[in-house]
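Peer 1: Not my notes, these are from TrEMBL:
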- 37-57: transmembrane segment (TRANSMEM)
- 105-147: coiled coil (COILED)
- 157-183: region 'Disordered' (REGION)
- Cys442-Cys474: disulfide bond (DISULFID)
- Thr599: Ca(2+) binding site (BINDING)
Amino acid sequence: MTTPALLPLSGRRIPALSPGASSFPHHRATLRLSEKFILLLILSAFITLCFGAFFFLPDNSKHKRFDLGLEDVLIPHIDAPKMGKHAAGQVVIHGQGGHDEHRHREEEESLRDKIRADHERALQEAKEKLRKSRAELQAEIQTEKVRVVEELKKKEAGPRPLPPVPMPKVVGVSDGEPPEPAVKEKRDKIREMMKHAWDSYRQYGWGHNELKPLAKKGHTTNIFGNSQMGATIVDALDSLYIMGLHEEFKDGQEWIEQNLDFTGVVFKLKAVQLAEKLLPAFNTPTGIPWAMVNLKSGVGRNWGWASAGSSILAEFGTLHMEFVHLTYLTGNPVYYQKVMHIRKLLAKMDRPNGLYPNYLNPRTGRWGQHHTSVGGLGDSFYEYLLKAWLMSDKTDTEARKTYDDAIEAIERHLIRKSNGGLTFIGEWKNGHLERKMGHLTCFAGGMFALGADGSPDDKAGHYLQLGAEIAHTCHESYDRTVLKLGPEAFKFDSGLEAVAVRQNEKYYILRPEVIETYWYMWRFTHDPKYRQWGWEAAQAIDKYCRVSGGFSGVKDVYSSNPTYDDVQQSFFLAETLKYLYLLFSSDDLLPLDSWVFNTEAHPLPVLHLGNITLPGSQPAQR
């Protein structure tokens, strides 16, 4: 989620891991900049998991707020609008015939039996304790004390060093300056916008999660646990690095080393320690993780509004890249095994019309409300299937097959063409197609283009064209507004096409998905219209969202005098400005055959594993 370089370990920076070298070598005092970059990318991309939902609705008193407490941290990936939209708690009980109801009753009875058994076992253990003599109890207490002391000694000695692993070759960490003066001028403007956003945050919101650019103060939303975790700093670091803003990068890096704090313990550099805090989220009957976990107690829970407390597809399906990298770096198979268990469980489940519903109950392993979306609640699940294959150097053929099957079902049931000829992706709700597309769904144009190469049945051209059609539709959603910025959602009904109807869908909160698709389409086609469309969006953002204290979202893109929402989202620096900068850079900056961007636009290197097998995995077949 940020860039790679250094999260603090006893005040020291993480040394580069080189082939055959110790994880923490003492023979060198400094690291090459490229090595710092790759380490910061790998480790900070995983830290993104802590911050989860970076996509937020503008503050609105009508939206139900959820107090997570100081220690609650989200497992990604949820896009905030869904929190406002579904906060009313759409609990749907599905009756699918007597057989399903009977099975449901059996599962409930089985769960009750397990609870009874656990209760009886606890009572029996308590009785056995009471029967023991004073001497026996004292001996047990002493044994427990010794065990605790030994554990404390291990902690004081510090975590075990990471095993030596071959560092992925750093390719494309270059300036990427375009040869054309006009393009370079546009890229310089994007860098200036980034500097304005960062400097404003540095001056008015430093250490807070986000910035209120009109009020000129920090904005700490309870999605981050009501704590000052510096989410903007962590999220923006790799953008600063890529844009050559190295002084700003250094400021952010130093803040993380000195201040990033989890559960009252200063963060000690390694994402591994954070991962250990997140693992209890997987302690459910099915192994499907909770949306949130208390970092102190390890207790997990889900959103109350999410279909009777279900886990969300785009959350538990958006862990693979980061967890696989953790296993690669640490040699610990548990991270890989956790995400592979999720994949295998989903593969065994029946899917209505081949579609993956957005909700899955982690206790029963049953789907919740039959709502399928390629936008919020579902989006990055599909993205990570494709990117797991790409990140594995195309050896994870199981991920590719799962992606292809899912996209085939999406094409059959969700993708339609409007009367005006615009291709859109609707949402499937209980057997009905809702002809509405969200801004979040616009990322799919880039996903289709990215996945075109390797498509079954020689359909590469088809998916590249599909990506182009989605890009065109999303551009129309921008072009049909007064501000030339896209609404949160737009309909294809009753003569209206690519236009928002409801007032609460007319806002723009500095989202990146449309620009993300422009960048992918530019990389694969070099059609100049994508740079032109990106420049139009950049100019509109600079004109209508820029204020003296940073950048703010607007509440109505169809109004010539819009009201600001007074939030500079962290993802604006992490994603929107990064994709714009890359759009006006040469292709040798972070080439796509060497880098894979996670769902928050943080690049991770392709693992050219060769004959290396990840611990706990099986060798993949090409």
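Placement of Cβ uses the backbone N, Cα and C atoms for every residue, glycine included.
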Peer 1: Applying a 10 Å Cβ distance cut-off over all chains shown, what neighbour count does Cys474 (disulfide bond) have?
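Peer 2: If we count other Cβ atoms within 10 Å of Cys474 (disulfide bond), we arrive at 28.
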Peer 1: Return only the integer: C-alpha distance in Å from Cys474 (disulfide bond) to Thr599 (Ca(2+) binding site).
Peer 2: 19
Peer 1: Of all the recorded positions here, Cys442, Thr599, which one's CB has the most other CB atoms within 10 A?
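Peer 2: Buried the deepest by this measure is Cys442.
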Peer 1: How big is the Cα-to-Cα gap, in Å, between Thr599 (Ca(2+) binding site) and Cys442 (disulfide bond)?
Peer 2: 13
